């Protein structure tokens, strides 16, 4: 059992030599800390030719941006590594490979993805990856189906639920998604110009009842091992490749949460595009996002349905027609969770670069307002939007 | 740590002296084994005056009726004791008191309820306890509310979910409620005269899809710490008193499962009454059952709502209007689960005395057929029955 200590660059190099699974570990010579988050150290480990070969990631026991004053469980490193290892089993093409992890050191050694770029940045720059949304749909279908009651033996499923209980990271989601934006809270973060829009959220009882129902589903519906934070900043893309990373929010929850988070971030990009691109380019990129959303859902639901038909092991759940009925429930959940993502990224603590990096204040505020309006509508009318095409029609209506 | 051994009567007396919490433990002199189930030893411990003072219950590591060939986890004694202890905290009036339990010996020492009778027997004999259904509603509201996301801190709730994971006992429910009656299975148990009715279940796709959805909810929706088997044989009654016992199926599941099991057993009694009482008495007792069902649900839902208004600690779930929306979901679930209870008690392994003790074959078959028909209807139209009064109207329609 190792004792936790914060890694230096040299520690990271030594650790990578030992646990990186490389043919020539002695070629590793130096490390560069590239973490731009504030929760983890992330070291790129280079060989003598200056080629980045492998990543060492270590969880910090506190939130770095506020010094050591906000402690955060190191157990999230175990949860992240185990979630990624589990997801890799079911979707090796689209999950970052974990070579090794140590729960005591809260450290993992993983595949270097220098050949890839973070999807969010590409989406903001207007670089289109036409395969990405389908690949994300495949990732979600494979990981969520194979960790669900359709596929797992009931004993194995229950053991998995216990293994992935993740109170501290879930609490962050519970607070940031479902509480803060609908009340006055010091963590909220929005320009004064939006005060009326945000105040309207706080006084909208119908909306708050729908949000309560979504939070209750997040609390109680253990449908599959979620990634838990599958936004476009947790996804690496390259030409014809997509890899999910950063799964420290992994837990057993409602499948619609992952779908809704993914779609929500495509819609946040949709909302922000006019702030980054010229009118014509923004319009074209927006159409790409709407296509992405349809392809994401349609790929996910078709693959999930196909897996259910082929591989469901539960006698009752295998009845023809049940998987497609369940997918309707997943879709309704997804629309609602998507709405909460739009709102919490506009009003709450943690924003997205798709909107926050827009320099023009008026434009940025307009994009934020757009996201809030759209999010609110989706939460309230979730059960009246019955397909990805209907969602796209609603998005056009609110644009 | 004690090593498991099967108790003799003398062991039970000694154990009761040590752990019964009696003022005068030395007064205990003898034990009588009264277990009529086949899973446990149940000893009544008597004092020198021949008064029964306390109960010692020990789980057997196998199902007794089939010798030692069908092993069953001893951990169910821990789960039963912990569920009852937890429920007692929230509803001391209506939960049997556990004085002591030992997970290694799979034994618990509990309150003697000789002054009470098993509700099922009284229901069959036509003895009416007009308070019982309201008391059961109170028990369910208090135990389920206080173990739910409305009341528990999210960390505590998640720890509870892990503590009460109950794979082996849940598997029994998963198989007997949701699989066996809808397929050909050696465990099924119904007279040849009902073959056509049972075959119709197996070929009813709409029904099987609805049952799949109920099973999926049983698998995945961790709403509260259920009793898990709250039928009228797990309930002791006396004038103005009701006590729940036998909670070895306790786990975190959908609240509607407990409600549906309770209502289902009142309906099974309703179906069986013409086999036990004369026409006029049976008709009167049937009206009592319908009143019981309405009082059970209305008491439960009003109390749950009142507790939610007063004591909800979750910021989002406390929004006015959410608890009543959630109770609609609970009700719909309950109707569906109630339907599965009616069917599995008529077709599956484990029947109820309300119907099985009817001596006249034709009458018994008619009652079984009634339960199957009613169960099937309730499962399929669950979401179109929006109140206890509407349920009663449907029951009359199918009688």
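Placement of Cβ uses the backbone N, Cα and C atoms for every residue, glycine included.
Fair warning: this is a prediction, and the values are worked out from it, not measured in the lab.
Noted in Swiss-Prot for the protein shown:
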type    : residues                                             : note
BINDING : B:40, B:57, B:111, B:112, B:113, B:246, B:247, B:248 : ATP binding site
BINDING : B:229, B:344                                         : substrate binding site
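All chains included, 21 other C-beta atoms sit within 10 angstroms of the C-beta of residue B:111 (ATP binding site). Taking the Cβ of residue B:247 (ATP binding site) as reference, residues of its chain lying under 8 Å away and at least six apart in sequence are, in sequence order, B:79, B:80, B:83, B:84, B:87, B:227, B:228, B:229, B:234. Taking a C-beta cut-off of under 8 Å and a sequence gap of six or more, residue B:113 (ATP binding site) has these contacts in its own chain: B:55, B:96, B:236, B:243, B:245.
Cα of residue B:57 (ATP binding site) to Cα of residue B:344 (substrate binding site): a distance of 27 Å.
Of the listed binding-site residues, namely B:112, B:229, B:246, the sparsest CB environment within 10 A is found at B:112. When the Cα atoms are compared, residue B:344 (substrate binding site) and residue B:112 (ATP binding site) turn out to be 31 Å apart. Maximum intra-site Cα distance, ATP binding residues B:40, B:57, B:111, B:112, B:113, B:246, B:247, B:248: 18 Å.
In the three-state DSSP classification, residue B:229 (substrate binding site) falls within coil. Taking all protein chains in view, 22 other C-beta atoms sit within 10 angstroms of the C-beta of residue B:40 (ATP binding site).
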